[in-house]
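Trainee: Pasting the relevant annotations from Swiss-Prot:
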CARBOHYD  58  N-linked glycosylation site
CARBOHYD  266  N-linked glycosylation site
TRANSMEM  16-36  transmembrane segment
TRANSMEM  81-101  transmembrane segment
TRANSMEM  113-133  transmembrane segment
TRANSMEM  147-167  transmembrane segment
TRANSMEM  177-197  transmembrane segment
TRANSMEM  209-229  transmembrane segment
TRANSMEM  297-317  transmembrane segment
TRANSMEM  333-353  transmembrane segment
TRANSMEM  357-377  transmembrane segment
TRANSMEM  386-406  transmembrane segment
TRANSMEM  428-448  transmembrane segment
TRANSMEM  452-472  transmembrane segment
């Protein structure tokens with residue numbers, strides 16, 4: 001099979017300027033910091049659970065019984081764990097609602113302002129939730145719930161904005177590998193959050209929240225002063241003009257002069273007034289775009305599984321194998337390593353095939369087997385890390401593809417070429433649908449684990465992964481059929 005022209009000529013890197021590199025790094029690390037603050041919460045669940053239970057259940061507390069018992073939130077660690085699962089669900093529901101709103105807002109306001117505001121405001125909320133309440137010894141369930149709802153809404157500004165900015169700077173050529181590598185930002189953020197939390201956890205869980213919130217706030221300031229949301233801001237041509245030029249350069253000029261007028265606008269420089277006339281599409285129009293609904297439903301199932309590992313993996317390792325919380329935090333990094341490798345490699349393969357769905361289908365089928373294998377992992381850290389990496393490769397990889405490269409494809413398809421302000425809205429729909437599924441899943445995970453045990457949690461993951469394949473099965477069949485026809489045409493030409 002012939003490789004795409006961008007790989008044949010080695011022209012992918014030659015398209016990029018230092019502005020592309022800066023945008024790549026700024027958006028990468030901005031979302032990494034947002035994810036690091038989320039990961040902190042999952043990494044300190046055991047410590048929080050101990051702090052919220054009375055001393056009769058918590059022998060590590062040094063305070064007098066009378067003082068501690070007057071401040072505890074829950075009568076047992078099981079009740080505290082269930083509330084932590086509820087907080088995950090609350091966060092994800094508010095995050096999902098916020099994604100739908102943030103996508104629409106991002107297509108209508110300056111993406112840099114929206115992203116910077118979300119990062120700085122979220123950092124303040126995380127600081128109050130984890131550090132300030134502990135320093136003041138003020139424990140209140142309703143306050144925690146309200147803070148986590150607000151945090152979910154503020155964090156939701158991140159993903160639609162960074163994907164839209166990346167979509168403004170990087171065209172369809174090589175998008176799978178570029179976005180596959182870039183989508184590792186979430187996994188890098190998980191690793192960063194795990195490392196930061198484990199490094200200061202010995203001083204108290206509140207310091208884990210303090211460190212990540214401080215770094216995230218500083219990142220928001222950098223974004224406000226340093227991010228360019230589109231090439232047009234510095235007088236460069238947009239990616240639509242580059243893609244049109246690329247397509248035109250491969251068309252045979254057989255019609256003589258009558259094509260010149262048709263193609264001439266592709267080489268002209270648009271003034272500011274023409275750029276300003278582009279309007280954002282409506283939410284309903286974005287939902288009706290081909291592929292948006294199937295991928296949204298599929299991502300609802302897949303993000304449920306991926307985020308269950310994100311929220312519960314350190315707790316599972318500590319609870320199921322009896323490993324120390326700091327050790328479990330560090331070991332959970334291997335799931336994200338697998339996701340980084342999987343997203344990049346699968347994105348590259350999808351670029352070579354010029355199709356996304358068949359690559360997703362194969363990876364998800366193998367994900368079912370990896371879940372079965374990991375559910376039977378022995379109490380050995382090396383074997384567990386290996387199986388965890390494989391599981392992250394086949395689950396985290398497809399999740400990264402859908403949320404980044406595929407969302408960018410959907411937001412820049414031919415039907416909306418004259419309405420380029422759709423990328424943030426489409427990304428918000430896909431990721432918002434995924435977050436709704438993930439929100440429901442986090443409560444179900446805690447409930448299933450409490451009633452039936454961890455093995456049934458893995459059965460639930462297998463079911464959701466299978467549903468992901470079912471929802472995109474029409475796209476899989478269509479794209480495989482297209483590959484077969486293309487292969488047959490290639491054979492006939494030879």
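Cβ atoms are placed via backbone N, Cα and C, with glycine included.
Please go over these features one by one and say how buried each is and what sits next to it.
Mentor: Nonlocal intrachain contacts for the transmembrane segment (16-36), taken as residues 6+ away from its ends with a CB within less than 8 angstroms of a stretch CB, comprise 115, 118-119, 122, 155, 158-159, 162, 165-166, 169-170, 182, 184-186, 188-190, 192-193, 196, 212, 215-216, 219-220, 222-223, 226-228, 231, 234, 236.
With a threshold of 8 Å between CB atoms, the same-chain residues lying at least 6 positions outside the transmembrane segment (113-133) that come near it are 30, 33-34, 37, 40-41, 44, 102, 105-106, 139-140, 143-144, 147-148, 150-151, 154-158, 161-162, 165, 205-210, 212-214, 216-217, 219-221, 223-224, 227.
Long-range Cβ contacts of the transmembrane segment (177-197) within its own chain (Cβ-Cβ under 8 Å, at least 6 residues beyond either end) map to 12, 24, 27-29, 31-40, 43-44, 162, 166, 170, 208, 211-212, 215, 310, 314, 329-330, 332-333, 335-337, 339-340, 343-348, 351, 392, 396, 400-401, 403-405, 408.
Same-chain neighbours of the transmembrane segment (209-229): 19, 22-23, 26-27, 29-30, 33-34, 36-37, 40-41, 44, 110-113, 115-120, 122-124, 126-127, 129-131, 164-165, 168, 193, 196-197, 200, counting only residues six or more beyond its ends whose CB sits under 8 Å from a CB of the stretch.
Remote same-chain partners of the transmembrane segment (297-317), defined as residues 6 or more beyond its termini with a Cβ less than 8 Å from a stretch Cβ, comprise 38-39, 42-43, 45-46, 81, 88, 92, 190, 194, 323, 325, 327-329, 331-332, 335, 339, 364, 384, 388, 391-392, 395-396, 398-399, 402-403, 430-431, 433-438, 440-442, 445, 454, 457, 461, 464-465, 467-469, 471-472.
For the transmembrane segment (386-406), the residues of the chain that approach it from at least six positions outside its boundaries are 159, 163, 166, 175-176, 178-180, 182-184, 186-187, 291, 295, 298-299, 302-303, 305-306, 309, 313, 331-332, 334-343, 345-347, 350, 356, 359-360, 363-364, 366-367, 370-371, 373-374, 377, 427, 430-431, 434, 465, 468, judged by C-beta separation under 8 angstroms.
Only residues 6 or more beyond the boundaries of the transmembrane segment (452-472), in the same chain, are considered here, and those with a CB under 8 A from a CB of the stretch are 294-295, 297-299, 301-302, 304-305, 308, 316, 320, 357, 360-361, 364-365, 367-368, 371-372, 374-375, 395, 398, 437, 441, 444-445.
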Trainee: Is the transmembrane segment (357-377) packed against any residues at least 6 beyond its ends, judged by a Cβ distance under 8 Å, and which are they?
Mentor: 302, 342, 346, 349-350, 383-384, 387-388, 390-391, 393-395, 397-398, 401-402, 454-455, 458, 461-462, 465-466, 468-469, 472, 475-476, 478-480, 483
